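Copied from Swiss-Prot, the annotated features are:
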type	residues	note
BINDING	R20, E79, K119, K445	(6S)-5-formyl-5,6,7,8-tetrahydrofolate binding site
DOMAIN	215-371	domain 'TrmE-type G'
BINDING	N225, S244, I246, T249	K(+) binding site
BINDING	225-230, 244-250, 269-272	GTP binding site
BINDING	S229, T250	Mg(2+) binding site
Amino acid sequence: METIFAQSSSFGKAGVAVFRVSGTKSLEVLKLLTGKSNFKPRFMYYQKLTSPESNDLIDNAMVVYFKAPNSFTGEDVVEIHTHGSKAISIMLTNALLNIPGVRLAEAGEFTKRAFLNNKFDLTAAEGIADLINAETIMQHKQAIRQAGGALEELYNSWRSQLLRIISLLEAYIDFPDEDIPESVLKDVTNTHKTLINTISEYLNDNRKGELLRSGLKLAIIGPPNAGKSSLLNFLMRRDIAIVSNIAGTTRDIIEGHLDIGGYPIILQDTAGIRGESNDVIEQEGIKRAIDSAKKADIKIVMFDAETLDSAVNEDITGLIDENTIVIINKIDLIPENRIFNIENKYRCLKVSIKNNIALPSILKNIEEIAENMAGFTETPYITNERHRHHLKQALVYLKDFNLDNDLVLATEDIRMTMHRIGAITGIIDVEEILGEIFKNFCIGK
């Protein structure tokens, strides 16, 4: 394979910039850049870097050589740590490009080579990508567990059980006249039933892992002028929505990203929902608000305490479910002991966004719902639609398995189940999906 390189750190001004080189010419590249002939693997050296063509000094750098297979990619690898300067990065990149047999790496190519050299499986590679993209503590916990091989271990345990079924049955395929012993039939049947139940239950996870990976959508809905935009600004801790006492100020969906209790929340402030409007633009805003609420994982339904009874309508209450927080805003403007009809049906939070009354309770309720929907558990969840697709197909083959059928055909159902699970981890030939997975990595990883 060609020797590749890339800047693994961000391009720009920084304390340190890190370049990575991987391939058979890595050590030769290091010698050309430094003029030094001997490098002990896994030792850092302070060296002058010069351009092999012009002999111009590039920088004083720290360099280290990792000898195959004891490196991230499994190949010879060199890391070069320079000062974080755009000029230095450009000069070093040009110097490397001018060395024959060395080229710039494609996105995710270092991780792809590590996978091809059996450093980890595909689920761990995806975990590394998720770890790089993690923005919250809970996303980090899920990603680092996957990168550490938790999903690989789970899926391989299922493959091992399937392999055991095949090994038990294949012993009798060549001897069709012999009856399969009762003990073998019982072992196969029990393992088969257990796997069906285990994988079925695993798939019935309400997409918790995928929600945590992508973020939970939270739609703020309610009648006009209830304080929805003020709530969005409070949650975002900055003004991203226009706040006005004029009904219908918000026409389109305004979105913001938030970390609540370690859970990634995608906030959506929507247009006020009211029964009648002659404004075509406002009508479209209301339609989008309702659509947004229907697709949301969490909903906040907000009412103005002064106009609540007249503002409640089926368009709004019809959207309330178990993952909805009902908020009565502007309680500072009404008598303290007032009870609303809506409180007889739903648990409501009484707050004042403007006067900072009971606002922590909103954050607490959001976190509780998020934890219930995407909370961290001992068993690693499915984090990727690719895994779910293959597991569903595996379950189809597993359910088709029947010992009353021809033994060869029955064994083939188990083999196809193994094939589908192997496609998740990369045990089988999966060249057609590698490009799709690794293109989402950054250059230099």
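The backbone N, Cα and C atoms fix where each Cβ goes, glycine too.
Model, not experiment: these values are computed from the prediction.
Mapped onto this structure are the features recorded in Swiss-Prot.
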residue	record	Cβ within 10 Å
R20	(6S)-5-formyl-5,6,7,8-tetrahydrofolate binding site	23
E79	(6S)-5-formyl-5,6,7,8-tetrahydrofolate binding site	21
K119	(6S)-5-formyl-5,6,7,8-tetrahydrofolate binding site	16
N225	K(+) binding site	23
K228	GTP binding site	32
S229	Mg(2+) binding site	23
A271	GTP binding site	27
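Distance between Cα atoms for A271 (GTP binding site) and E79 ((6S)-5-formyl-5,6,7,8-tetrahydrofolate binding site): 52 Å, as a whole number.
Across the fold, the C-alpha of S229 (Mg(2+) binding site) and the C-alpha of R20 ((6S)-5-formyl-5,6,7,8-tetrahydrofolate binding site) stand 46 Å from each other.
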